[in-house]
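J.: Structure in structure tokens, see below.
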Amino acid sequence: MSSERAEGSSRNMNIPGNDHQPQPPSRYESQKRRDWNTFGQYLKNQRPPVPLSQCNCNHVLDFLRYLDQFGKTKVHLQGCMFYGQPEPPAPCTCPLRQAWGSLDALIGRLRAAYEENGGSPETNPFASGAIRVYLREVKECQAKARGIPYKKKKKPNQSKGNDESSSSSSSTMHFS
């Protein structure tokens, strides 16, 4: 009889709606956890190791600069002949960097993870003004290097200057 009870209880667990297993974390939650663990490991690898309680925006800035070595976005230097060209015709020796959008998303995830792991919003090093300034500078630098700030694109199949309306509509800015 005890085997019937055990078998019956295992059958009840397979009934749809009786599953009480937690849902797997979302892609965002998984990435946030990975980012948080990576940052924690970065702090532990510092000489001397930095406890999270002593982490400040300078550690975060150093971490962002450290990540650049793993970047995949070509950022042309000001002396490069392809500086300012969105699609250079040939390869060059300019460095690969982390894309601004990736860094911005990373900071957002780490900012949330810091508070979820017991940090107070007032001491959150990821919310520092210095981090916002750094991200803005990276964004502007990368945009200039690729030649994309406020780039105007002409509409296809448009005749040039036939009337007033076509000339005014050609000044409309399009962002990609």
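Glycine residues also receive a Cβ, built from the backbone N, Cα and C atoms like all the rest.
Copying in the features that TrEMBL gives for the protein in this structure:
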type     : residues : note
REGION   : 1-33     : region 'Disordered'
DOMAIN   : 27-154   : domain 'ALOG'
REGION   : 146-176  : region 'Disordered'
COMPBIAS : 165-176  : compositional bias 'Low complexity'
J.: Under DSSP, the domain 'ALOG' (27-154) has how many residues in helix, strand and coil?
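T.: Residue counts for the domain 'ALOG' (27-154) by secondary structure: 76 helix, 4 strand, 48 coil.
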J.: For the domain 'ALOG' (27-154), what's the mean pLDDT in this predicted model?
T.: 92
